[in-house]
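Structure first, then comments.
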Amino acid sequence: MLRNLKKTLVLDSSVFIQGIDIEGYTTPSVVEEIKDRESKIFLESLISAGKVKIAEPSKESIDRIIQVAKETGEVNELSKADIEVLALAYELKGEIFSDDYNVQNIASLLGLRFRTLKRGIKKVIKWRYVCIGCGRKFSTLPPGGVCPDCGSKVKLIPRKR
């Protein structure tokens, strides 16, 4: 259904928090993510004016984003809103407007363009989880973020090339 739309911007919450008057699409989770009163009013005014439309990405697009996020080690770093923004942009072949480095990283891997309010990423990074105690490496975050071998905290670090 959404595939026939022209190329457009898919907006993350940072756009509304910064008060950028812009046209594009966002997702239900981004709307839920906006908590402060001023940003909420601003977003509602853009929706009322028809400048911002709310759309939900397909399950297939969401599954693709989760797959790529698992490959990069960033799946636990993404919020539901981040995943939806990436999935909607993937589905629409649109451009993402976000300051989130994890979102930018995955967008780059998928060949999606992105815009930022601040400085964006310089290179794509793949991540892994490593125990700070014993150095054991994990592809996903262990339960509770704790190493099952030594009980130390597990941190996300960039993979070496």
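Backbone N, Cα and C atoms are what each Cβ position is placed from, and that goes for glycine too.
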**Asked** According to Swiss-Prot, which listed range is region 'Flexible linker': 12-17, 30-35, 120-125?
**Response** 120-125
**Prompt:** In whole Å, how far is Asp12 (Mn(2+) binding site) from Cys134 (Zn(2+) binding site) when you measure between their Cα atoms?
**Reply:** 38
**Asked** If you draw a 10 Å sphere around the Cβ of Cys134 (Zn(2+) binding site), how many other Cβ atoms fall inside it, taking every protein chain shown into account?
**Response** 11
**Complete:** On average, residues of the region 'Zinc ribbon' (126-161) score a pLDDT of 85
**Asked** What kind of secondary structure is Cys131 (Zn(2+) binding site) part of, going by DSSP in three states?
**Response** strand
**Item:** Cα-to-Cα gap, Asp12 (Mn(2+) binding site) vs Cys131 (Zn(2+) binding site), nearest whole Å
**Value:** 32
